[in-house]
Amino acid sequence: MKKMLFTSESVTEGHPDKICDQISDTILDAILEKEPEENKMNARCAVETLVTRGLVVVTGEVRTSAYIDVPTLVRNTILDIGYNRAKFGFDGETCAVITSIEEQSPDIALGVDRSFEVKSKEKEDPFEKIGAGDQGIMFGYATNETDAYMPLPILLAHRLAKRLADVRKSNTLDFLRPDGKTQVTVEYDENNNPVGVETVLISAQHSPDISRQELEEAIKEHVITPVIPENLVTKDTKILVNPTGRFVIGGPQADTGLTGRKIIVDTYGGWAPHGGGAFSGKDPTKVDRSATYMARYVAKNLVASGAADEVLIQLSYAIGVAQPVSINIDTKGTAKVDEEKIYKVVKEIFDFRPAAIISNLNLLQPIYQKTAAYGHFGRKDVEFPWERLDKVKELKAALGL
């Protein structure tokens, strides 16, 4: 039997890059929360964060009528993650916070506020008004491999990372500190079905007074065993806990973090392609974010409808243009109906213009900080509108399923 291994990784909320993602999305949420309802569609946010030893730098472009206390938001986010003592190497109370935030470029605003379609045809359709915030390609994916419609390796890696944070915050394992990483290797058979977990790797920041043996035993009992399904653990499954032997110095004390450096962790763990655009700190007129959510929404509903076992969707946009430049649907040979029919039905049922995506998925809510750690897709601990399965019935009827 041919053996195929696939590996995905995740990181905890205390990882330096994820600290930055959470800060950027916390600022976006504050804008969406404080902006008057009638003006939310005009609010803009593109915020980048850097964290390093004792320092946070927040920069970017924003358009809002609301007052946003950025330093306080930064400090509270860091404290909530768990960096609240100097001995952890980083402290939200005492770190320096530098901000350099400007207004959105008027050249960009020209095309986003009033799309190419409106300028050229004077269309009255409100969904034509907003153009894409940039050019680019975006991918969405779903598979019936798991009940979350996600590939198993990234799903398990996220759940291990979340579990690491949960047992730390509940003081179940009070020697843990905020930084951490997980990685899961899954074995697949010749039909691409998962048959076992080949390797579990966990690197967890810890206090200096815990022995390696105690740490390993505690991680196995309280993190790995509750997450990895028993039927996927074999006699050959390898468990690696802190293979360097020590992980006391972590977080921004050990590594500089930046917004948008964990884009594969954020999506499908490398199983599906990525267009390259990060999510955090971007308002939903940025199609890097909203169109990726839309592509996932469509792919998930298609798989749930029984149209295919897996679906990969690619979208592309031009800056300032409302309509997508291209839509590609790939079922990897698993379609139960004609792919041309699937494409036609998708274009009839779903609207891929940015304003329509924002409206239909209700993307002007302050929900983004929750996306900034443990993945944007396939979550059970939170509900996101792009994870809804509210088009399954309509798709089944249209596709004759």
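Placed from the backbone N, Cα and C atoms, the Cβ positions cover glycine too.
Annotated in Swiss-Prot:
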- H15, D179, G180, K181, R246, F247, D255, R261, K262, A278, K282: ATP binding site (BINDING)
- D17: Mg(2+) binding site (BINDING)
- E48: K(+) binding site (BINDING)
- E61, Q104, D255, K286: L-methionine binding site (BINDING)
- 104-114: region 'Flexible loop' (REGION)
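Locations of recorded Swiss-Prot features on the structure.
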| residue | record | DSSP (3 states) |
| --- | --- | --- |
| H15 | ATP binding site | coil |
| E48 | K(+) binding site | strand |
| E61 | L-methionine binding site | strand |
| G180 | ATP binding site | strand |
| R246 | ATP binding site | coil |
| D255 | ATP binding site | coil |
| K262 | ATP binding site | coil |
| K282 | ATP binding site | strand |
Nearest recorded site to G180 (ATP binding site) by CA-CA distance, among binding-site residues D17, E48, E61: D17
Cα-nearest neighbour of K286 (L-methionine binding site) within the listed binding-site residues, H15, E48, R246, K262: E48
Neighbour count (Cβ, 10 Å) for R246 (ATP binding site): 10
C-alpha spacing of the residue listed as 'Mg(2+) binding site' relative to D255 (ATP binding site), in angstrom: 9
Nonlocal neighbours by CB distance (under 8 Å) for K262 (ATP binding site), same chain, sequence gap 6 or more: V11, H15, D17, K18, D21
Nonlocal residues around the residue listed as 'K(+) binding site', in sequence order (Cβ under 8 Å, 6 or more apart): C20, S24, V58, T59, G60, L258, T259, G260, G281
Packing count at D255 (ATP binding site) (other Cβ atoms within 10 Å of its Cβ): 15
Candidate with sparsest Cβ neighbourhood (10 Å radius) among D17, E61, the listed binding-site residues: E61
